[in-house]
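According to Swiss-Prot, the features are:
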type	residues	note
CROSSLNK	LYS122	SUMO2 cross-link
COMPBIAS	224-237	compositional bias 'Basic and acidic residues'
MOD_RES	THR250	phosphothreonine
MOD_RES	THR253	phosphothreonine
MOD_RES	SER256	phosphoserine
MOD_RES	SER266	phosphoserine
DOMAIN	282-301	domain 'UIM 2'
MOD_RES	SER358	phosphoserine
MOD_RES	SER361	phosphoserine
COMPBIAS	365-382	compositional bias 'Basic and acidic residues'
Amino acid sequence: MVLESTMVCVDNSEYMRNGDFLPTRLQAQQDAVNIVCHSKTRSNPENNVGLITLANDCEVLTTLTPDTGRILSKLHTVQPKGKITFCTGIRVAHLALKHRQGKNHKMRIIAFVGSPVEDNEKDLVKLAKRLKKEKVNVDIINFGEEEVNTEKLTAFVNTLNGKDGTGSHLVTVPPGPSLADALISSPILAGEGGAMLGLGASDFEFGVDPSADPELALALRVSMEEQRQRQEEEARRAAAASAAEAGIATAGTEDSDDALLKMTISQQEFGRTGLPDLSSMTEEEQIAYAMQMSLQGAEFGQAESADMDASSAMDTSEPTKEEDDYDVMQDPEFLQSVLENLPGVDPNNEAIRNAMGSLASQATKDGKKDKKEEDKKEEDKK
């Protein structure tokens with residue numbers, strides 16, 4: 001990389017108050033100087049940059065230094081005043097370059113001219129010949145008063161370059177929103193192949209210079225916007241899904257709580273309606289009640305697992321089920337099998353046998369009674 005010491009000459013005349021460059025010429029110049037300083041120091045860490053004003057006394061604000069922060073802090077203290085003296089400012093910058101510490105550094109002057117140059121063309125050409133002899137390159141950014149200055153400054157740069165030289169440049173920038181953008185794409189900051197000296201991919205949005213490839217920069221910007229919209233949509237969907245899951249979990253908890261409450265109430269009602277005074281019952285009545293409770297418990301479990309939509313149909317069939325249950329309870333063989341499977345119950349116990357016998361005799365009587373009623377109904381029909 002080229003080792004270079006650069007003096008930046010800034011225009012601080014009254015013309016810099018104009019607003020043809022946003023927000024003013026002076027502030028647009030500050031942004032451009034910022035880019036120049038960073039470009040020079042990043043291209044080579046050993047490069048040095050100094051700062052000098054062109055108006056009135058051509059004051060040297062900072063001598064050659066690699067500290068861009070120091071340069072920029074001095075730059076922001078500059079206020080518009082008076083008129084520029086272009087030739088004097090260039091001579092002072094040349095003297096500052098002669099006192100550079102690194103004698104192997106090439107010398108370069110970058111001058112911002114935003115005011116009319118009052119020096120005549122002969123003086124400019126004479127100064128250019130002297131600088132060429134000293135091997136000093138000069139880059140000029142001509143803006144704001146390009147109609148007045150372009151001819152003089154072109155003669156100055158052409159004299160510096162000679163017939164074959166290309167070390168010095170003149171960049172004329174028409175009024176526009178950004179002086180810095182025009183400078184980035186200019187030969188002053190462009191190396192071989194158009195690469196920006198000291199400006200990596202991180203200095204441009206999406207890593208692409210919009211002036212070098214505007215179509216690619218636009219495509220990347222559109223793609224980035226679409227990606228941002230997709231991410232926002234996915235975030236909204238995820239938030240909605242999380243809210244829906246939370247709502248389902250809450251509803252499920254409420255449903256389970258309601259079911260548990262209903263079951264508890266049903267069990268309490270069942271206990272109140274079906275719990276007689278066991279102390280007043282005989283042993284045979286207690287055994288019969290135990291068998292009845294086991295049957296009712298089975299029916300209760302089946303009723304809890306049944307579909308709620310069939311409740312009306314179940315209500316209409318309750319008399320039939322009660323008759324079937326009564327018939328089952330009066331079946332001695334079924335009761336005998338139930339007693340044999342009950343733990344701690346001896347089917348051969350005398351009390352159990354007596355209870356079974358009484359149930360059997362009752363069943364026989366009921367059967368005969370039902371038969372008589374059926375015969376009587378048939379006779380009435382005849």
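We count from 1, first residue shown onward.
Including glycine, each Cβ sits where the backbone N, Cα and C put it.
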Average pLDDT across the domain 'UIM 2' (282-301)?
69
Other CB atoms, at most 10 A from the CB of SER358 (phosphoserine):
12
Alpha-carbon distance [LYS122 (SUMO2 cross-link); SER358 (phosphoserine)] in Å
146
What number of additional C-beta atoms lies within 10 angstroms of the C-beta atom of the residue listed as 'SUMO2 cross-link'?
9
In DSSP terms, the compositional bias 'Basic and acidic residues' (224-237) comprises 14 helix, 0 strand, 0 coil
Reading the DSSP string in three states, the entry for the residue listed as 'SUMO2 cross-link' is helix
